[in-house]
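Record features, source TrEMBL:
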TRANSMEM  16-35  transmembrane segment
DOMAIN    62-137  domain 'Bifunctional transglycosylase second'
DOMAIN    159-332  domain 'Glycosyl transferase family 51'
ACT_SITE  GLU184  active site, proton donor
DOMAIN    424-667  domain 'Penicillin-binding protein transpeptidase'
ACT_SITE  SER462  active site, acyl-ester intermediate
Amino acid sequence: MSNDVDPNQVLKSGSYRALKVVIFILVCLAFYTLYMDAWVQKRMSGQKWDTPVQVFARPLSLYNHKFLPKQELVDELKLLGYKSTSVVSEPGQYSINQSFVEVYRRSYIGFDGLVSPQKLRIGFNNNRIAALQILVEQQWQAESLAYVEPLLISRQATESKEDREILDLSTIPEWMIDALLVVEDKNFYHHHGVAPLAIVRALFANIAAGRKVQGGSTITQQLAKNLLLNDNRKSYFRKFKEAIIALILDYRYSKDAILEAYFNEIYLGQNASRGVHGFALASKFYFNQRLADLTPGQFSMLVAIVKGPSYYNPIRHPERVQERRDLVLQLMVSSNVISRDDYQQYVDQPIKLSVNKAKHRARFPSYLQQVDRELKQLDVVAPLNSGLMVFTGLDPLLQSRYESLFSKSIGKLESGYKQKDLNGAVVSLSLENGTISALIGDKNNASGGFNRALDTQRNIGSLVKPAVYLTALNEPDYHLGSLLPDKKISMKSNQGKLWEPTNYDKKLRGEVLLFDALSQSLNLPTVHLGMDVGLNSVISTLRKMGVEQQINKYPSLLLGALPMSPLQVAETFQPIANFGQKFPVRAITHVTDNNGIRLLTQNEDSQIIFDYATSYELAYALTQVTKIGTAKRLATEHKGIQFGGKTGTTDDLRDSWFVGFDQNKVTSVWVGKDDNSPINLTGSQGALFIFSQLQSARKAESVNKPKPNNVEFRFIEKETGQVLSDECGENVSLPVRVDKITKIKDCPSLFDWL
């Protein structure tokens with residue numbers, strides 16, 4: 001038998017084995033494609049990206065008669081990056097005239113959705129808005145209310161360290177889409193996710209050069225690489241995988257959906273540790289403008305960066321990106337995306353960036369700690385990495401000025417009184433709605449560490465006294481002219497410990513008017529008064545004012561044995577400064593999704609917790625504290641401005657407190673040491689000094705609430721506390737509720753001596 005092998009048999013056997021290998025490969029490829037198809041659908045469904053929480057200051061409201069000095073408006077526009085110009089022609093510009101300011105407000109997403117660009121004209125008179133107009137069809141029309149966009153103060157980074165703003169394809173101008181496709185993928189609408197000829201061409205070019213010199217990726221492949229493939233290693237298998245994903249994307253999703261994802265995903269630079277992803281954020285990062293507001297010259301620079309964000313970094317390599325931008329503009333004009341005249345205009349312009357990396361990092365860390373705490377407590381029906389927009393009550397101009405002055409003021413106290421390691425806190429609330437306008441928790445304003453405004457709990461000293469006097473003024477037997485004993489008092493505790501308070505100056509005056517006891521912050525009359533009205537009544541008043549923590553029912557409470565934080569103190573004084581009206585105190589006002597659809601609005605309803613007439617009496621007494629009492633330096637340092645306020649000092653001079661208010665803000669200031677050692681500063685020397693310094697940062701408005709009809713200013717005889725029929729003898733004019741004037745003492749007549 002012959003041992004020769006039949007060649008045909010061998011060929012058949014080899015062909016069969018090859019066929020089996022091909023079939024095996026095809027089956028594996030089919031299974032791999034099915035697997036990748038399911039994987040792609042899962043990744044593309046639901047939330048595609050981790051998107052940071054954006055935190056905004058309050059939008060600046062504009063309406064007739066609002067107290068707003070013209071310079072304050074101009075300063076806020078500068079903070080927002082607006083440019084001063086003689087002729088206002090583009091969003092983001094303003095001009096100043098003798099009696100009005102003209103502003104071309106940018107478009108923005110607010111807590112009521114998208115707000116369109118708008119020309120505004122704001123007239124001023126005596127630090128108030130006298131006229132508000134908007135431009136409609138080239139005609140100025142009166143408007144009742146307008147806003148200037150809020151300042152972005154923080155973009156809270158996600159775990160992925162990616163930062164982006166999500167936009168819908170419908171909001172992108174058509175010419176921008178055309179410009180991108182001309183440069184990156186001009187056959188986008190004609191291929192199925194990959195361009196085989198482009199890939200082959202690039203492959204041979206790269207092999208010939210021995211390195212990557214040409215790319216053949218379509219926009220769909222770029223999206224696959226950036227969005228779905230986390231492995232940045234370069235290999236032919238990865239390119240194969242990228243092509244499979246691109247084919248699946250093109251099969252499963254519309255071209256518009258792919259384009260929208262690309263505009264939101266593409267990497268365009270770096271801001272410190274966070275990547276700048278998507279054209280929307282890149283537009284704000286590089287130009288401080290919305291994408292839709294960019295010129296072709298500006299957008300062509302962003303398209304230029306796509307080729308290599310590091311190589312074409314416009315901050316480090318402006319000459320490289322300008323050369324690439326000019327090429328993009330050339331491609332745009334050759335494809336009729338822009339005209340020849342437009343090309344010439346933009347190619348002749350140098351690249352002008354408006355990059356301020358600090359704008360895209362967290363500002364005001366102390367304030368943001370309060371925002372974070374509130375956000376964790378709120379019932380927001382959306383994950384925190386879904387691009388939430390959080391709107392707050394922060395006044396960015398006030399906060400930034402206060403931070404600078406606070407640090408300097410602490411330094412002055414340390415050098416002036418030879419103290420070390422002083423620190424403190426400031427909290428300022430809006431009396432219009434109860435929102436937190438400014439919050440400082442550390443003299444080092446860049447620190448996000450221990451927040452004294454929120455977490456320091458110190459006895460408040462004489463700051464408790466207004467609660468004692470308010471309790472008494474609510475009683476029928478007391479008014480500002482009532483006499484109080486200024487005499488020694490001693491009490492024993494249940495443990496037999498003797499408590500014998502004294503006045504700060506150690507003096508005894510016998511009897512004093514209630515008004516004088518409060519304005520001079522006398523301890524003994526306050527204790528006598530508090531014990532007379534009862535500790536339970538004082539505690540009830542404190543509860544109404546907003547004190548929620550445990551209150552020990554001891555007589556020492558009447559002199560401030562009550563630990564509170566500066567934020568709690570500001571909240572407690574809010575209804576006093578607001579003449580009986582109390583708003584919920586909060587940093588956050590609204591939370592929306594990234595399109596401005598409201599998810600949550602914090603309660604902003606106020607309550608009347610104290611009678612207006614009684615509150616008027618107390619507020620009047622506190623305004624006199626800043627004229628003739630323990631805070632009288634304010635009258636000297638801020639002539640013409642009527643503040644109200646109260647100083648506070650604790651035992652052994654460990655804590656220095658002051659709470660002050662004008663018509664619009666109530667502000668608490670605390671100065672002390674973290675180890676609770678003595679600072680040897682009274683409330684007047686420390687916290688009041690800082691409050692006065694802070695007020696130089698703003699134009700305050702004098703306390704000027706209307707007098708209620710059931711209150712009259714009457715002359716009170718100092719010696720007896722009786723209401724006089726006229727001005728005579730030693731007297732003082734004080735507001736008194738009419739229903740408490742039960743007896744009037746006649747002034748002596750000349751005939752009484754005859």
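Just so it is clear, glycine is given a Cβ too, placed from its N, Cα and C backbone atoms.
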Over the domain 'Glycosyl transferase family 51' (159-332), work out the mean pLDDT and round it to an integer.
-> 86
In the same chain, residues at least 6 away from the ends of the transmembrane segment (16-35) whose Cβ sits under 8 Å of its Cβ atoms read 244, 248
Go ahead and report the DSSP secondary structure tallies for the domain 'Bifunctional transglycosylase second' (62-137): helix first, then strand, then coil.
-> 10 helix, 37 strand, 29 coil
Collapsed DSSP category at GLU184 (active site, proton donor) | helix
